[in-house]
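Q: Take this structure, written in structure tokens, and hold onto it; I'll ask about it next.
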Amino acid sequence: MSFNTFGHIFRVTTWGESHGPALGATVDGCPPGIAIDAEAIQHWLDRRKPGQNRFTTQRQEPDAVRILSGTFEGRSTGTPIQLMIENTDQRSKDYGEIAQSFRPGHADITYHWKYGLRDYRGGGRSSARETAARVAAGGIARAALSELVPDLRIEGYMVQIGPHAIDRSRIDRAEIERNPFWCPDPDTAALWSDYLDGLRKAHDSVGAIVEIRASGVPAGLGAPIYGKLDSDLAAAMMTINAVKGVEIGEGMAAACLTGSENADEIRMGARGPEFLSNHAGGILGGISTGQDVVVRFAVKPTSSILTPRRSITTDGREVEVVTKGRHDPCVGIRAVPVGEAMMACVLLDHLLLDRGQTGGLRGPIGEA
């Protein structure tokens, strides 16, 4: 197995390299009859594409998606959907000086160890450019979810860049689309702007924390032990380039709480059981509770920087490496739409799994 595919029923295979002629995704398992609109998929891709502001790489890629198969008269046929995005702004010459050197923090050395050769142009398959294909596939998942679970909403935003976190008391979700950071706190967005400008001038980069929230998720998605919804979400987020940690709900902070603080109490409401808090992040025992599913992931600083770094060459010589080219000072910014796409793919996959196993049946609560 080459491990380029994820999912159980809704399966996504991505292909292509950063400086190849194209990249894309093959989406298998999409239910038939779903309205598939290339313009809607393009909307999600436009949110991720590079070169939109000074805080992301200046590589100018239109990321125009083409649907090559799997649809007829605007609807899915149930057969594999092939999505292709052409690369149009490669500058492979920027990488000529490091063809024989391993860039610190990159997958250069591990790819070389494993395969005996590597595409040094922008990292090849290990480049974050690959995530464009995931966002396109996520557009298919969103289209299916919008028909199968109309009230489900997925929203991603940045909660921290470097040491600077948002003030959650000031969260205004209307602000998320109004700044280049997907930041729900306008005061923090202004702080991040100045902070990143300073890092860019210093030829450095920084990490970030992204939060993805899904509301309207039906209760009952996921399965015990080895089919947990949260384990699949964590695995999906960990596959995103530069992600080094994932947490669900309170996550690591739950270690600082007592049992009486952390356990979400339950009461009967007008429409059934209601949780009084959501420390669990919408998942208990691997199964969704019907509350918001909340996932956060930490993104490491961009490893490609203009500051000289010590490394070695393929023949063992010690050198200093300066990575030229066009790179994000904070790759976490463009990871927001990628995290949303992965959330959509996993939720649709588990919705289809649940319908196949239980038919959507639910145990009654509060009925005489």
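Including glycine, each Cβ sits where the backbone N, Cα and C put it.
Annotated NADP(+) binding site per Swiss-Prot: Arg48, Arg54, in sequence order, evidence recorded as sequence analysis. The FMN binding site annotation in Swiss-Prot covers Arg125, Ser126, Ser127, Asn241, Ala242, Gly285, Lys300, Pro301, Thr302, Ser303, Ser304, Arg326, and the record cites sequence analysis as its basis.
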Q: Got a sec? Which of these binding-site residues, Ser127, Ser304, has the most Cβ atoms within 10 Å?
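A: The residue with the densest Cβ neighbourhood is Ser304.
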Q: Using a Cβ-Cβ cut-off under 8 angstroms and a sequence gap of six or more, which residues of the chain neighbour Arg48 (NADP(+) binding site)?
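A: The answer is Asp63, Thr131, Ala132, Val135, Arg334, Pro337, Val338.
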Q: For Lys300 (FMN binding site), list the number of other Cβ atoms lying within 10 Å of its Cβ atom.
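A: I get 17 for this one.
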Q: Return the residues near Ala242 (FMN binding site), defined as same-chain residues 6+ apart in sequence whose C-beta is under 8 angstroms from its C-beta, sorted by sequence, else 'none'.
A: Ala128, Val299, Lys300, Thr302, Ser303, Val331, Gly332, Ala335
Q: Provide the number of Cβ atoms within 10 Å of the Cβ of Arg125 (FMN binding site), excluding the reference atom itself.
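A: Around the Cβ of Arg125 (FMN binding site), 19 other Cβ atoms lie within 10 Å.
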Q: Across all the protein chains here, work out how many other Cβ atoms are within 10 Å of the Cβ of Thr302 (FMN binding site).
A: 22
